[in-house]
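Input: a single structure, listed below in structure tokens.
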Amino acid sequence: MASSSGDSVTRRSVASQFFTQEEGPSIDGMTTSERVVDLLNQAALITNDSKITVLKQVQELIINKDPTLLDNFLDEIIAFQADKSIEVRKFVIGFIEEACKRDIELLLKLIANLNMLLRDENVNVVKKAILTMTQLYKVALQWMVKSRVISDLQEACWDMVSSMAGEIILLLDSDNDGIRTHAIKFVEGLIVTLSPRMADSEVPRRQEHDISLDRIPRDHPYIQYNVLWEEGKAAVEQLLKFMVHPAISSINLTTALGSLANIARQRPMFMSEVIQAYETLHANLPPTLAKSQVSSVRKNLKLHLLSVLKHPASLEFQAQITTLLVDLGTPQAEIARNMPSSKDSRKRPRDDTDSTLKKMKLEPNLGEDDEDKDLEPGPSGTSKASAQISGQSDTDITAEFLQPLLTPDNVANLVLISMVYLPETMPASFQAIYTPVESAGTEAQIKHLARLMATQMTAAGLGPGVEQTKQCKEEPKEEKVVKPESVLIKRRLSVQGQAISVVGSQSTMSPLEEEVPQAKRRPEPIIPVTQPRLAGAGGRKKIFRLSDVLKPLTDAQVEAMKLGAVKRILRAEKAVACSGAAQVRIKILASLVTQFDSGFKAEVLSFILEDVRARLDLAFAWLYQEYNAYLAAGTSGTLDKYEDCLICLLSGLQEKPDQKDGIFTKVVLEAPLITESALEVIRKYCEDESRAYLGMSTLGDLIFKRPSRQFQYLHVLLDLSSHEKDRVRSQALLFIKRMYEKEQLREYVEKFALNYLQLLVHPNPPSVLFGADKDTEVAAPWTEETVKQCLYLYLALLPQNHKLIHELAAVYTEAIADIKRTVLRVIEQPIRGMGMNSPELLLLVENCPKGAETLVTRCLHSLTDKVPPSPELVKRVRDLYHKRLPDVRFLIPVLNGLEKKEVIQALPKLIKLNPIVVKEVFNRLLGTQHGEGNSALSPLNPGELLIALHNIDSVKCDMKSIIKATNLCFAERNVYTSEVLAVVMQQLMEQSPLPMLLMRTVIQSLTMYPRLGGFVMNILARLIMKQVWKYPKVWEGFIKCCQRTKPQSFQVILQLPPQQLGAVFDKCPELREPLLAHVRSFTPHQQAHIPNSIMTILEATGKQEPEVKEAPSGPLEEDDLEPLALALAPAPAPAPAPAPAPAPAPRPPQDLIGLRLAQEKALKRQLEEEQKQKPTGIGAPAACVSSTPSVPAAARAGPTPAEEVMEYREEGPECETPAIFISMDDDSGLAETTLLDSSLEGPLPKEAAAVGSSSKDERSPQNLSHAVEEALKTSSPETREPESKGNS
């Protein structure tokens, strides 16, 4: 008790002396260094909370009182970073911060330790490390800037600092809320540091002397201004991205709001991004927040907006900030109080500039005169330039696009539509945050609404702003990403090197490693020197009596004495080693244990296995002694004892967890004889997945080093090739393939593989497959696993010996169905390993055995799945198909190698196959096996394939199969673009006779690509000239197409002869009234040119069918179109409404007819030229189609095959039918009357309005292509206004 009280008095005196005497030695005459030593010793022994108090005293002494001692005691204090106490580890982090602030050169030694503490398992330690890095990053950057000559150690140190900063940014995704909060504050400080301080930047008092980007010289030899600026902007993006995360917590969101406000005030160049982030948050509050948390977030958002509003740089964003504050329920009076005064905005730049100049004078070493000249433009100019660089954001562009569209009618419609999706009861969260809308309908409120909607659309990746930004930033992004990656890679490598130097051994690999503090050494155990045993005291002489010596011992005593003697010899290992008699001891033990029973052997074995590496000599001595005893016995000797010794050693080694040094292999290879039982132990060792490689390496060594029994060892390895464990089997196959390369082993391995392969011919798997330890009935059926057991070795050898493929074909023909299916599943990879140029594989294809057709086909598919077939393979398959096996399925794998004529001849047979097979055929022909639309290797381009399907004779193939095949083509939208389909329809229309499926294809093409409407109208008009009514099925489709494209098809219907026009009305009487209304909308001058026979049919009722003149039997001439063209000629234009330009004069009828004929000829000529220039069928006339638009899902889906031979059905709803107008003149009044109300047909597309408003020059023959292209493009906002008027 006295001593303990004395210790406490001593400790109290040291502590009190520290606080009372700042100068001079202590009361006991101790120097400061001695006091530090004493305190450190106390800290090492204390385990309670007072350890922190003692360590803080040490810190005060060596940092504040006598900094010269800092380097001396640095290692001793840093050693406490491994302390179990969390508070002690946090103290070490704080000590590192204070030490580096006192002497920045210490950062070279301490940064690696701080890096380790940043990865501590305790959350509080990590948070303390993040706080320390917030300060040390600025200190380290300032240190690097001041150093004009950078050493390798400084580079490595800065690389690790930068890497740690990147890791802390990644901690924004941590699972812990506290860590994320500290990471947010670190990112805030990083952004302020890595961005230039402007004239109007707010500078907190504590940060007046902190470094920022504007203080870094642009010509610094190591620190690159532009790289740091890019990292700062990237940190801003990370923080903004984190804040809008939908699962962000309330505390993180509150912290992020405050950080963004600080960034906006201190770095006004980011004001725009901050305001936009606040708008996004206001419109998209995280759904995970509770009601109280929502209120808290909104309150914080209001406070931060008010603080930002006070800043002079917020003048440009006052409208947005004010609107947000009003939405958050802020009174106008409070907003007015926080408005920045003009006086402040005038005064502040001057004050800040002066303060900046003062700071530059206080720190002249940061840059030289010539460096300051680079920064002459001043902070204010940089601020404006940086503000202009950013330009409009995605939200701004989308908001400007939406604002003119927010008319009262449109807003009312949006409200009505959204009413359907509203919940029946008002959510409590909405009720809590709802504030009445003030000044509704004003321009400011509309602008705010547009920004709210733009924010939602931008967050969803929609709107013109997102699209424009993507297009503008694609190329710059690619250029900017390259350099930072190289920098980051460099830093990662250097950080890894430092980490290794910290945790590695004490060997000095580089100067940097010497300076990094090493981990404390663990004390090595002191081995006590064994004392020699003293002889018993027997000083008194005794009379020798024989009876005393010859007392008999019991058997137990004898055994105990022998066992004791052996144990003493075993324990004397170290003492004998010192005396130099180790080999004698080993011989004695080996001789003794060979003569003793199993009990003694177990003791020696246990002793050996305790430290196999050190006692391996004893094991081998024992093993060879047992073998010598067997040899000495001659013919009467047995191997039992030797075998027991070897098995015990191998089994004991097998139970050892760590065998990386190959002791097992050494015992096996140096054993004089490997018995059957020992071989079984080796086999079990190989079956251990963790030791399979080592065990099989041992077997391989036995095979090569013991040739007398190499086939016995090889057989064990071959048995393992069909093992049920994948890892064991794969290792065995790997070693066997190496053995197969040896000539002396090749025949045995091959024979073994073929024997296993021949087992597949048996009706049931033989018992050899199940192993000796498994009791399985011989009559068990084949399973996939047992089949694979017979194939593993064979398939592994097949790529090395291609001749084996013929054996597989022979077995395949005799195997049962289940075996065949398994063979087909596993043959793919080995066949690919052989390659399509293998002579043996080509021979198999040429001499395909009967019954192996499926196998050969599977091989062909595996070879040609990803690469085109070789000419030699195509030749063999062609010969096989034409000469021996006329099964069209053989041609499928080599379709891309056949001639176009051969593919067309085989099409009728191919499309009658199973639907899955037909799909594979089309995938190969269209090049879409792997999701790509590339038919460059196909003998048929997509257009030729579709035309060939239309030309298939219905006698050779039923129409239902042809329709299904065409549907497969239409399902490939990436291949069958609008250009391809236009060329297909053009060529089909020019055929004679017309294909039966022509109109079905036209309707499907129009459904897929509504922009083909104008081209389809031309097709219909030319079909009239070819007397389409002579082809009943095509005529039926013609009428269907006209019915679905009304009112645009009215111009085509009016070109029909009277009799055919009457037939149209018979089948579709609903067309009569709209067509009659269309004609009556013509001017009197135009109606005068309508033939009376046509008008009679139009005006006739169902009861009166007038007699009409029979249509001419020959093909229609161009003169026959004259009456209709005259009817459609423009009449004198009525007095137009006041407009910028008068309407053009009407064109004479003769000019109109000439125009019509010129259009037809120009269109045909252009189609022919396009077809010649692009023989692959990819292109199409520019006058017909333009870029393919996005199509609704209903139109995108593949066509549904019809049940009847001809059924003209659209693939989507009828409202998707395009309403495309073909104008024949310039009369605007005619255009308006032709654009009928499209409510029955779906919304009027923009193409109609575009064509309707096109000019006379655009419709001239030479400008036909340009006019149609412009009609197919999306209409501009100016064109949208007359369209809306026409619809209304």
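Start at 1 and count along the chain as shown; that gives each residue its number.
Glycine residues also receive a Cβ, built from the backbone N, Cα and C atoms like all the rest.
Per Swiss-Prot, the stretch carrying the note region 'Disordered' among 492-513, 536-557, 1042-1063, 1130-1151 is 1130-1151. If you compare Ser938, Ser1260 in Swiss-Prot, the phosphoserine annotation sits on Ser1260. With DSSP states grouped into helix (H, G, I), strand (E, B) and coil, the repeat 'HEAT 2' (67-101) comes out at 28 helix, 0 strand, 7 coil. Mean pLDDT for the repeat 'HEAT 4' (153-192) in the predicted structure: 93. Taken through DSSP, the repeat 'HEAT 4' (153-192) splits into 37 helix, 0 strand, 3 coil. Sorting each residue of the repeat 'HEAT 1' (31-64) by its DSSP state yields 29 helix, 0 strand, 5 coil.
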